[in-house]
């Protein structure tokens, strides 16, 4: 009996406290270790923690690691050093961000098998964080030749940031949600409820463009024309005017979408619009007439970009589609990428820069 008790005590003394790992051990002193043992830890709450919470483990068939999985690799490899190296290799290849790190309570540190960073890849690093907005940021713009960054938010403000210091140099309180923001030349365009604000950062002049109904969710500029997509599905088009008191003239209202327009892009002499009605419409830039409607997405079309001769679209249906023009002149999908890594994902936007495709997602 004494021998069994001694062995049990010795085993307990070598075991890491599962409650300490979860950040909720309230015993002092605790009979278990409050340090990591040499064996690789569970993946920050994503592994099997049945014993940690006093539950019975699943059946042996359910617990058997699949061939090639990280659990199988760790189980089949007797060398602890190799197992640790495999765990680190898995961490580098895993696209999932540690949910405990997000809440600042991951206790595994560098040994965690999941990412402790918002981004991956060589050559990328965070310079600074601009965190003074109180609600969702709906647009950012860096005008050409300017050392000021402009950001708009649903908190009703536009903030102007000094690019050298990273500090907020000015706050403009508009008293209404900013739903989009872009820049073109010396102009800053701010999408609001039922209007677009136009600011010239050189002359400090300001104009209000009326016409849209509801929130202006998307804007773009092409062929000396400003396009603004509104909540009622209508796209408004203003062209530059020589009038000093009104440098923008409303030239057209593009109708066809049945729900809010949420993204716009100009490319290949065409205007492309994505909507909550799940469609993409193609508009001729000269006639401002709709020439084509694309209906391959099954949810909101959240972002559009033109890249060379291709059109890329992302959607809340978890897909990114690549469209190409065929001989008949219509656009067809030549490739579809589906995001399946997270149970509920919304692909909010895609962007191409330096030869890379960047994707912004919202996870529940």
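Heads up, the Cβ atoms here are built off N, Cα and C, so glycines get one too.
The domain 'C3H1-type' feature in TrEMBL is assigned to 11-37 (among others). When averaged over the domain 'C3H1-type' (11-37), pLDDT in the model lands at 70.
If you look up TrEMBL, you'll see 11-37 (among others) marked as zinc finger.
Here TrEMBL flags 54-80 as region 'Disordered'.
Residues or ranges marked as domain 'C3H1-type' in TrEMBL: 92-119 (among others).
What TrEMBL lists as zinc finger is 92-119 (among others).
Under the heading repeat 'WD', TrEMBL lists 130-171 (among others). For the repeat 'WD' (130-171), DSSP puts the residue distribution at 0 helix, 21 strand, 21 coil.
For 254-293 (among others), the entry in TrEMBL reads repeat 'WD'.
According to TrEMBL, the repeat 'WD' annotation covers 294-323 (among others).
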* Helix, strand, coil: count each for the residues of the repeat 'WD' (294-323), based on DSSP. => 0 helix, 19 strand, 11 coil
